[in-house]
């Protein structure tokens, strides 16, 4: 027998024995570890829900009775009475103006502070701006409207101010996230050429995020148009104020007409927004 073949055969045999020694028999599928926080949350929320029903004295009979009364109330609203259509349309226009002006100012504020909140551009300042915006965002628009009504009086101005604060704080978050998702290579390439901060922002980041900024701004305008109508209930002007007055006076057919105008207004804005977004996608 050839010595080389014998040596190779012996080596193969030793390799097979070593492989057999190192084979680990499967012990079955590994069970995933349970996160104690997730388990606690899974128990907490159902228990808290049941506790809330008991604590609030939730009455199913009252709910059923109230549902029947609600349908009777809705039946009394028809047919709608457009007697004050001029006042209602003027109020609807005011709500649109409040939402548009407040959102526009909020977009301008968010454009500036959105870049300052981006941690890939301003690591230390970014966290400060982000946390400040989050703090402002936790206070609802309705509460801001009540604060500004006390400060400047009733009318559309506190509504504009409330929408501006809440819209800008929300858009700062969206804008900064869009900026942080830009490829880091853009930043490094411009930095290597000796470009300053403003050049990096306007020549590198802004072209990449303009489409996202527009989409978030249009989406925010949709939200603010609905909120501007609600703000009228607390005295910030607009169609909500007209709706509240009619309900307090129990003018149900007139209230129904205001509701229909409000529905048409919000629905039309949403359709225009969807059309615009589709046009942007085609480009």
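Quick reminder: no glycine exception, Cβ is built from N, Cα and C everywhere.
Database features, via TrEMBL:
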DOMAIN    92-273  domain 'ABC transmembrane type-1'
TRANSMEM  37-56  transmembrane segment
TRANSMEM  98-122  transmembrane segment
TRANSMEM  142-165  transmembrane segment
TRANSMEM  200-218  transmembrane segment
TRANSMEM  225-244  transmembrane segment
TRANSMEM  250-273  transmembrane segment
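Only pairs six or more apart in sequence are counted, and the transmembrane segment (225-244) with the transmembrane segment (37-56) gives fewer than three Cβ pairs under 8 Å, not enough to call it a contact.
Same-chain neighbours of the transmembrane segment (142-165): 94, 97-99, 101-103, 105-106, 109, 136, 224, 227-228, 230-232, 234-238, counting only residues six or more beyond its ends whose CB sits under 8 Å from a CB of the stretch.
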